[in-house]
Amino acid sequence: MGEVQREKVAVIIGPTAVGKTKLSIDLAKALNGEIISGDSMQIYRTMDIGTAKVTKEEMDGIPHYMVDIKNPEESFSVAEFQERVRKHIREITERGKLPIIVGGTGLYIQSVLFDYQFTDDAGDAIYREQMEKLALERGVEYVHKKLQEVDPESAERIHANNVRRVIRALEIFHTTGEKMSDQLEKQENELLYDVSLIGLTMDREMLYDRINLRVDIMMDQGLLEEVEGLYNRGIRDCQSIQAIGYKEIYDYFEDRVSLEEAVSQLKTNSRRYAKRQLTWFRNKMDVTWFDVTDGEKTSEILRYIEGKLQRKSNNSK
């Protein structure tokens with residue numbers, strides 16, 4: 001009975017710059033869908049260029065959710081993402097449309113699809129403040145090494161610059177004696193939705209070339225001015241500016257590096273992030289992959305999703 005009632009959801013994942021945005025809009029048009037961003041940084045207003053946020057023109061009339069919902073000064077948690085996205089899925093389904101989640105933030109997407117439970121029970125404000133102080137005084141790498149010692153799986157998954165999540169993982173271990181990675185693993189067994197989960201991949205060198213080109217285009221589009229606007233507003237030590245594309249340019253404004261060095265580091269970090277994204281998706285999710293090295297596979301992907309949706313409809317009768 002539970003199988004019959006599960007809502008249908010299409011999910012498009014893949015590394016940065018692989019072509020998810022265009023595909024998602026093409027599929028939404030063909031499948032009567034509406035799009036939910038699965039990117040943890042596109043939620044922030046005024047951070048458009050550096051997050052490669054979909055433009056109004058690109059949307060082409062397709063409704064998009066989880067974009068521009070927070071100010072850069074505000075924090076945002078996986079738990080809040082989960083709650084909001086599940087609400088959007090219900091509402092889109094009730095309108096007779098297909099929810100299509102698109103993005104590259106693995107943990108966020110996973111938290112929606114699986115029965116992840118987020119509670120405030122495992123919290124210790126004093127310990128958290130101690131870790132935050134350590135991160136400020138001794139650097140984020142020091143705190144990340146502490147996480148490596150107690151929960152290497154989470155340390156592998158969470159980048160050192162994502163200080164909030166590093167400290168949260170340490171806090172969970174400190175208060176419960178249980179690794180965050182173990183808690184998540186327990187909850188990874190059952191999908192809450194009828195999911196068509198597809199991934200885009202391509203030849204690594206081609207992907208890296210696309211990433212480098214994308215950074216050059218971002219600079220031409222005004223990324224420097226976009227980050228300068230945030231910097232001049234006094235935004236410091238916020239979750240938003242830990243994003244790739246912002247922290248590197250911040251280093252330039254704080255006279256740590258030249259602009260050329262900042263752009264070079266941005267390209268390097270973007271390539272590394274793409275590699276981590278692919279590793280995460282391949283290790284954590286049962287994905288049907290489509291290689292788009294030789295061009296887009298929209299028709300093939302559409303046939304796959306339509307076939308899967310049709311089989312599910314027949315099975316529910």
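Glycine too: its Cβ is placed from the backbone N, Cα and C atoms.
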In Swiss-Prot, one of 3-6, 39-42, 239-242 is tagged region 'Interaction with substrate tRNA'. Which stretch would that be?
39-42
Quick check: which same-chain residues outside GLY14, PRO15, THR16, ALA17, VAL18, GLY19, LYS20, THR21 lie with their CB within 8 A of the centre of the ATP site CB atoms?
GLY104, LEU200
Quick check: with THR16, ALA17, VAL18, GLY19, LYS20, THR21 left out, which same-chain residues have Cβ atoms within 8 Å of the centroid of the substrate site Cβ atoms?
GLY14, PRO15, ALA52, GLY104, LEU200
DSSP-derived helix, strand and coil totals, residue by residue, for the region 'Interaction with substrate tRNA' (39-42):
0 helix, 0 strand, 4 coil
Using Cβ-Cβ distances, find the residues under 8 Å from THR21 (ATP binding site) that belong to the same chain and are at least 6 apart in sequence, listing them in sequence order.
ALA52, VAL54, GLU58, VAL102
Go through the binding-site residues GLY14, PRO15, ALA17, GLY19 and tell me which ones have a CA within 10 A of the CA of THR105 (site 'Interaction with substrate tRNA').
GLY14, PRO15
Quick one: among the recorded positions LYS20, ARG128, which has the most Cβ atoms sitting within 10 Å of its own Cβ?
LYS20
Across all the protein chains here, work out how many other Cβ atoms are within 10 Å of the Cβ of THR105 (site 'Interaction with substrate tRNA').
19
